[in-house]
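Novice: Found this in TrEMBL, in case it helps:
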{"type": "DOMAIN", "residues": "2-123", "note": "domain 'Response regulatory'"}
{"type": "MOD_RES", "residues": "D53", "note": "4-aspartylphosphate"}
{"type": "DOMAIN", "residues": "173-305", "note": "domain 'GGDEF'"}
Amino acid sequence: MNVLIAEDSPSDRMLLKLHLEKLGHSVYEVSNGIELVQHFYEHSEEFDILVVDLNMPGKSGIEAVTEIRKHQGSYAANWIPIIFLSGSDAEDDILKCIEAGADAYLSKPIQHKVLLAKLIAVTRLAHMRQELLAANSQLEALSTTDYLTNLPNRRAFEHTLRDEMAKARRHAQMLSVAILDIDHFKQINDTYGHDGGDLILREVSKRLMASQRSGDVFGRVGGEEFGLILPHTNAEEAKIACERYREVLSTEDYHYDGHIIKLTVSVGACKFDNDISQLELIKRADVALYMAKNTGRDKVVIEGY
Ligand SMILES: Nc1nc2c(ncn2[C@@H]2O[C@H](COP(=O)(O)OP(=O)(O)OP(=O)(O)O)[C@@H](O)[C@H]2O)c(=O)[nH]1
């Protein structure tokens, strides 16, 4: 475990460090409460356990820990286990430390076995926190990824689009959005079955990813519909980029179960304007897609261009 210790007495700090290293932990040190809070804010994700002295100059252990717990909020995965360290074993001090957010209390002089026992207890907490963090990031990935293609799903795509629109507004940058739809996909499903259709969807995603221009973002936003975010791109450049993606997807045949499948895609795109809402932007790209579909498919239509 990575342990951050805050202790003003150099000799106590050295002793604690020796104990902890002997138990196999990596130790980082600060010498007062102010440094502790500062270091914690800047590097909190690097530490698994904090060991904090009660009485330190500038900011006491209690003040520092109260601040840290307040900053962490009520989210359980933010809870870094804390052991308090003190020369006092007054009952009131023990209670105050636990109330401030500590998980264990250790009296000085440090006894190796007692330190070991407290560390076993807080290491359990630290492991639970790590498991929670891992589960959260797994859930986050599941809830934002399309299971079939591994592309961002509609929710994640719209989230990224919101961010990109905010960036474009803030920095007065160009931005375009496109919707790409496989032509006559129902026929592919009807002819080769759902598995054949699924394989095509995966292959289309792979080809899109393989030809992705740096900065462009793709998502699967519907059954056979893909969303494209094209940052720093005006309408004219969007036309060029979308034509390239259209060609990438339709030039080479697809193969499924011994069959050769040809497909084309239609694309509708729209450039972002400062006062346009996200809903309106997608709607305009959709209208352009509708135009592409209704005027022969296998083409790119840019709204207003
Ligand atoms: N295999 C497979 N098919 C899907 C999936 N999601 C949607 N579809 C199918 O995609 C097809 C879309 O058909 P339509 O909306 O009629 O569109 P289309 O046949 O592509 O026709 P145009 O868009 O007008 O060119 C339907 O048959 C859906 O069942 C999926 O995850 N896997």
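Including glycine, each Cβ sits where the backbone N, Cα and C put it.
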Novice: Are there any residues in the same chain, six or more apart in sequence, whose C-beta is under 8 angstroms from the C-beta of the residue listed as '4-aspartylphosphate', and if so which?
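Specialist: Those within reach of the residue listed as '4-aspartylphosphate', by Cβ under 8 Å and sequence separation of 6 or more, are A6, E7, D8, S9, D12, G61, F84, L85, S86.
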Novice: For the domain 'GGDEF' (173-305), give the DSSP counts of helix residues, strand residues and coil residues.
Specialist: 59 helix, 35 strand, 39 coil
